[in-house]
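Some notes on the structure that comes next.
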Amino acid sequence: MSSVLDRFLRYVRIDTQSDPHSESFPSTSKQRDLSNLLVTELQELGIRDAHLDEHGYVYATIPATSEKAGIPVICFCSHVDTSPDVSGANVKPIVHRNWDGADIVLPDDPSQVLRISELHDLDQQIGNDIVTASGSTLLGADNKAGVAEIMAAADYLMSHKDIRHGVIKILFTPDEEVGRGTEKVDLLKLGAEYGYTVDGEAVGTLEDETFSADGLRITIYGVSTHPGYGKGKLENALKIGADILASLPKTALSPETTEEKEGFIHPVFMEGIQEKATLDFIIRDFTEVGLKEKEELLKNITETVLKQYPGSTAEIKLTEQYRNMKKILDQHPQVIGNALEAMERVGLNPVQRSIRGGTDGSRLSFMGLPCPNIFAGEHAFHSRLEWVSVQDMEKAVEVIVSLCQVWEEKA
Ligand SMILES: [Zn+2]
C-alpha cells in the first residue's frame, strides 16, 4: 500500500499548471500526465471503471460493501491542476521530519523562508513532518494533497472490504484554478447525490459557504481625433476608464480593505486605445443582495463619470460566475452533519468556515451536487512557501474513510 505521503511526493513532481489564456480543454494537456497516472493507479487498486474522459476528467467507482438499500452515493472530488500564478515545473518536494519550529529556509532561494510569525497554522505543526517545495516553485499541495488523500482513502477502502459503505465515486477535475473545473463535468455519468471537495486548508475545517461572484466588463467608446486637432472634441477612452477606477471607494469595498463577510469590487484587467477601452472587474459578496448593490454602485460611478464626456458611451456586461453554496447546502443538512460527525469520530474538533472565494463545489452545488469543502491540509497556496504536513494529510484520509461509514450507518 502506497502511503499518502508517497502518493503526494509522486504527484507534485508532475507539472500540471493550468493556463487562463488557453482556449483548449483542459487548458494545458500536461494535466493529463497526472490524470493518466491516477487512472492507472486506481485500476491497480482494483477499481475497474476508472477512466479519463475526452475532456480530462477522471471518474471512478468504489463498489459498495454494504447490502443496505438506499445509501446515498457520495463523491470525493479534487483538482489536478496548479495555479498559473507560480511555476509548477520541476517541483522538488522536501520533507522536514519532526520539525522543531525553527525557520525553514528553502534551498533554491534562501529569501523564501517559512516562519511561524508569518504563516498562520504553522505553530500547530511542531513535531510534525512538513512538506515544502525547494524555493523556486509552488508545492502543489493545492490540490494534490486532496488528490493523494482521496487516492489513499480509495486504497484503504479497496483493501479493507470489511468496512461498510455505499457506492463511492471519485472525481478528479482539470482547470479549477482557471475557473473552468466544472465546465465539462458529466454529473449524470458521475451518478452521485452528494459530494465533497477535498481542497480546504487547516485540519478539521469544513467550508460550507463561498462568495457569490459575478464578472463585470465595462467597454468605453470615446471620441477619437488626430491628437494635434483634438481641442474641444477628443474624449479619450483610456482617461474615462482611469476616472472610473479613481472614483472607486478608497477605504472600503476592495480586497485590500475588506475581510470576513465583506464583499468587494475589484478591477482585474484594463486595456485600450483613445477610441475604446475595456475594464474588467470581479464582484464578490456573500449575499446576492450585496452583489447587486456593488454592481449598481459601479454602474452609477460609470454614469457619473460619463456626464463629463458627452460624446462617449459605455456598455456594461455582467457575467454570472458562481453562487454561495450555502443556499443549496442549507437544504441538505445531512451533508454537513455527516462530515462534522466523521471529523469528530477521528478525534478532531471540526470548525465550520466560509471561504472568501469559490470552489468547484460552489458550481457543483448549483448544478445539482451539493458539495461542501473539507480540509486537505494545504497552506500558503499559490506561493513558493506552500506547505502541508504529513500528519494533516493522514487525518484527511481518516476523515474520508470515516465519512463513507457515517453515510452507510445513517442510511
Ligand atoms: Zn484548490
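Cβ coordinates come from backbone N, Cα and C, glycine included.
Note that the structure is a prediction, hence the values are computed from the model and not measured.
Copied over from TrEMBL:
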ACT_SITE  D81  active site
ACT_SITE  E176  active site, proton acceptor
BINDING   H79, D142, D199  Zn(2+) 1 binding site
BINDING   D142, E177, H382  Zn(2+) 2 binding site
DOMAIN    210-309  domain 'Peptidase M20 dimerisation'
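In sequence order, T82, S83, D85, L138, N143, F381 are the residues of the same chain, not among D142, E177, H382, whose CB sits within 8 A of the CB centroid for the Zn(2+) 2 site. By the rule that a residue counts when its Cβ sits under 6 Å from some atom of ligand 1, the recorded positions D81, D142, E177, D199, H382 yield D142, D199. Distance from the CA of E176 (active site, proton acceptor) to the CA of D199 (Zn(2+) 1 binding site) is 11 Å.
Applying an 8 A CB threshold to same-chain residues 6+ apart, the list for the residue listed as 'active site' reads T16, Q17, S18, P26, S27, T28, Q31, P174, D175, E176, E177, V178, G181. Looking at H79 (Zn(2+) 1 binding site) and H382 (Zn(2+) 2 binding site), their Cα atoms lie 14 Å from each other.
In the three-state DSSP scheme, D142 (Zn(2+) 1 binding site) falls into the helix class. When the Cα atoms are compared, H382 (Zn(2+) 2 binding site) and D142 (Zn(2+) 1 binding site) turn out to be 8 Å apart. If you draw a 10 Å sphere around the CB of E176 (active site, proton acceptor), it holds 25 other CB atoms from the protein chains shown.
Sequence-distant neighbours of D142 (Zn(2+) 1 binding site): residues of the same chain at least 6 apart with a C-beta under 8 Å from its C-beta are T82, S83, D199, A376, E378, F381, H382, E386.
One residue stands out among the binding-site residues E177, D199 for having the most other Cβ atoms within 10 Å of its Cβ: D199.
Counting every protein chain shown, the Cβ of H79 (Zn(2+) 1 binding site) has 27 other Cβ atoms within 10 Å. The Cβ centroid of H79, D142, D199 marks the Zn(2+) 1 site; residues of that chain outside this set whose Cβ lies within 8 Å of it are S78, N143, G146, E176, E177, T197, T359, D360, A376, E378, F381, given in sequence order.
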